[in-house]
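Structure first, then comments.
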Ligand SMILES: [Zn+2]
């Protein structure tokens, strides 16, 4: 099989078949053994709880998929490369979806109509498609360290504008998460180099609530509080943007919602920061820090 073969259904089928033959006729060694992600297969299935299992071995095809367009001087990823597992996962994932929904990728190639725009943390433990159980095409995404939204971030605002003006999403979810390393770093007095410039945005948010956050004795709880307040600040910054104001002014139905994900339980919860129009925004902006923390205390009782 050529490493520079064009991407077609027929050579995909040949590669998948070769992988399957090797996987079912050889014995895996513990060192390089792996199991395919069963949940990905189930996720796109039509309800049946079928489990497919493939094992790795040292006799995989010598080269895996490689785009002819990006063919460069470096050798192709073969079975001994650390990334080979990912390419094999992808082959099987694609095949599994095609088997269950033959037109899935054809439909996707015609365009996207996601109803949700997700602004989350870059943390690998908070993958939006997994957490929301949405398929490719169902959630538009922007992620950065600690889900910070500031009014001068052209990257984030460009994605927001596309989501609101072009895709016409119905919900903007800003999702923080407990155990956020970015928020914990912002709470500390340590310097972390270049990233200090980014974390300064979170420190600014904390400064507005210093007395209430500093009065929390438990370090972990203090961090959880700042995760929530940082999320609130991002929700309000999105809602205050000219993009959202213009959308509401022209009658577009779209809300901005703050959520928090708990990496210890997998649960996603609403934080009570829900802005559907300019009136909601004014109400949220009028809430004083003491009232916010009093409400937070009450919900914990
Ligand atoms: Zn984080």
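Just so it is clear, glycine is given a Cβ too, placed from its N, Cα and C backbone atoms.
Among the features that TrEMBL reports, region 'Disordered' is placed at 45-80.
As annotated by TrEMBL, compositional bias 'Acidic residues' applies to 47-59.
Listed in sequence order, the residues of the same chain lying 6 or more apart from residue 177 (Zn(2+) binding site) and placing their CB within less than 8 Å of its CB are 120, 121, 123, 125, 126, 227, 260, 261, 262, 263. The Zn(2+) binding site annotation in TrEMBL covers 121, 123, 177, 180.
Ranked by Cβ neighbours within 10 A across all protein chains shown, the binding-site residues 121, 180 are led by 180.
In this view, residue 123 (Zn(2+) binding site) is surrounded by 18 other Cβ atoms within 10 Å of its Cβ, with every protein chain counted. Apart from 121, 123, 177, 180, the Zn(2+) site neighbourhood in this chain, defined by C-beta within 8 angstroms of the site C-beta centre, holds 120, 122, 125, 126, 146, 147, 176, 179, 181, 182, 183, 227, 261, 263. Secondary structure at residue 123 (Zn(2+) binding site), as computed by DSSP, is coil.
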